[in-house]
DNA sequence: AACAACCTCAACCGCATCAGA
DNA sequence: GTCTGATGCGGTTGAGGTTGT
């Protein structure tokens, strides 16, 4: 008997939008055996969905405490700042926004913030990615070097939305308290990664 | 009212990383 | 140390909805 892999399932699995019935079945199975062993979950739920699809549905939609829509100004501001710090590490950013998923933040960035930024860039004729990023301190400096690289690869979409981006993103002007918070934030994430 | 163009977001895909055998 | 399966992540796609002409 051939092993049942995602590849072999591919030909016959359900795809596309989930129905309410599928959601319910999936939630029931996860309630019983927890959100791990997704292949087992997929099989038990009898949904004809691959493990990845089940996991994604749970993570982005069915999980308890998920907030949907209406990203607040504060959240938007946080996303912008975290993106500046971390680049496209959506899951890390999402980890700092309770109830938000990486997929939602990624979509929000691509459809709202990215566009806003581009518009502003055009308006101002140039972006602010040069200059303001030069002097950073400690952890932030190191991390930004990496982010900077990634941002360049992204086409350097960083600029401003409806505020002065130089001021907003220039951490060299940041108060010691904020810098401390950012450093803590980065260190925390590093140690979390090591632990998990 | 009809159609096209655009936008949003759920879902998929491929790759990287991790953990256990 | 190596292999293999499971999981997680970011990029991309496409269906459905909305807006403009």
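A Cβ is built for glycine as well, from the same backbone N, Cα and C atoms used for every other residue.
Checking TrEMBL for region 'Disordered' across the ranges A:91-115, A:116-140, A:141-165 points to A:116-140. Averaged across the domain 'HTH myb-type' (A:10-62), pLDDT for the predicted model comes to 86.
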